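Here's what TrEMBL has on this protein:
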- 21-41: transmembrane segment (TRANSMEM)
- 47-75: transmembrane segment (TRANSMEM)
- 96-112: transmembrane segment (TRANSMEM)
- 118-138: transmembrane segment (TRANSMEM)
- 150-167: transmembrane segment (TRANSMEM)
- 179-199: transmembrane segment (TRANSMEM)
Amino acid sequence: MTHIAEPKGGGLKREMGLMSAINVIISVMIGSGIFVSPTGALKYSGSVGFCLVVWAVCGVISLLGALCFAELGTIVPRSGAEYAYLIEAFKKSHRYWGPLPSFICAWVYVVVLRPAEIAVIILTFAEYSILPFINVLGLESLPKEDLHNLIKLVALLGLGIITYINVSSVKLYVRINNIFGFCKVFACLIVIFGGIYQLA
């Protein structure tokens, strides 16, 4: 494979260190699904052993995808991820149709995939943020519809805070992402070792 030269001129200032870059990758790879889906996976798999096999197979598939993206990132060192990779792959094939796959990919990501993904993540965050306080604040007496509205309100507040952090400063985002990255890994270790303890 040939290495694509990095474009000269402007661009984003590179301010992240190695540890921050690793935390960004960890945050991308370990999503909120690890905290939401184990119950459903165990319920539908029927046994703990088969559930662990499914998780291991999915982990290997995710690792292969991550390694492919790592290779593509070293070959095409430009921002844009899938868009940049598809442009580089198809732009020479046709003057007008060559950029079409990258445009479709970017359009689907911006209009469909990312908004849906963010909605699921932020609603999961809101639900897990409210659950510990339901008994303390006496929210168990609330009608289900009002509780759902409260979850949506907390989700909107969380989304607003995240948007402000991302817009205001890259360094602030990196610091906060480092904190939450370590918390996420720590929570995963608790889940893993708690499961091993229960199985032993």
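Glycine is treated like the rest: Cβ placed from N, Cα and C.
Predicted automatically and left uncurated, TrEMBL annotations should be read as such.
Keep in mind it's a predicted model, so treat the numbers as computed, not measured.
Beyond the transmembrane segment (96-112), the same-chain residues lying 6 or more positions past its ends with a Cβ under 8 Å from any Cβ of the stretch are 82-84, 86-87, 89-90.
Sequence-distant contacts of the transmembrane segment (21-41) (same chain, at least 6 residues past either end, Cβ-Cβ under 8 Å): 51, 54-55, 62, 66, 120-121, 124-125, 128, 174, 177-178, 180-182, 184-185, 187-188, 191.
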